[in-house]
Amino acid sequence: QARKASLDKEGLAAKIRRRTTNLQTFVADLEKAGLLDSALADSWHYDVLEHSDEQNDALLKYIFFGSELSYFINGLITLDVFEVFLARARLAYLDNPYHNWYHAVDVTHTVYRYMALAKSMAFLQPLDCLAVLLAAVVHDIGHPGVNNPYLIETAHELALRYNDKSPLENMHCARFFELCGEAEANVLQELSKQQ
């Protein structure tokens, strides 16, 4: 029994070393390509408007796969599917002055910073962390640039579809699940039905 526990600890330690090495390589590759400055990503000074789409995508990949939070959510999401998901989510955001892809990246970065500074891994489950980060990415997906009262007052199709009950929020959630309905973009595919 003691030997088995020792082997389990050794196996876990080896897994942690491999994961840490992989994270360091992943981050180094993004930095070498000029797509990421991890020190800037881990600060409040990252300005999404000063970076290209490729750099902003690299920031999101870093948050989900290269940051200290990423170790916590390891195994709940895969990089190849996440990359497809990101590309499709970016296209699903409309070209509004505010509720656009830059806003999604900015909000996700801000949420990440708050979670990291609050050491959320100490009081949230991995699935909760993943849910919060994914929600940040898609929180305004498909936003038409007007608010709920306007949609309701004008009898917009979204207000009618959702019976005047938070039409934007319902639509954002539905758009996320529509994206996840595409196998190659389904960031939830590693989760069980129960999760």
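Every residue, even glycine, has its Cβ placed from backbone N, Cα and C.
TrEMBL entries are annotated by machine, without manual review.
Per TrEMBL, the candidate among H45, H51, H103 that belongs to the Zn(2+) 1 site alongside H139, D140 is H103. Figure note: comparing Cβ neighbours within 10 Å for the recorded positions H99, H103, the maximum is reached by H99. It is 10 Å from the Cα atom of H139 (Zn(2+) 1 binding site) to that of H99 (active site, proton donor). Taken residue by residue with DSSP, H99 (active site, proton donor) is part of neither helix nor strand, so it is coil.
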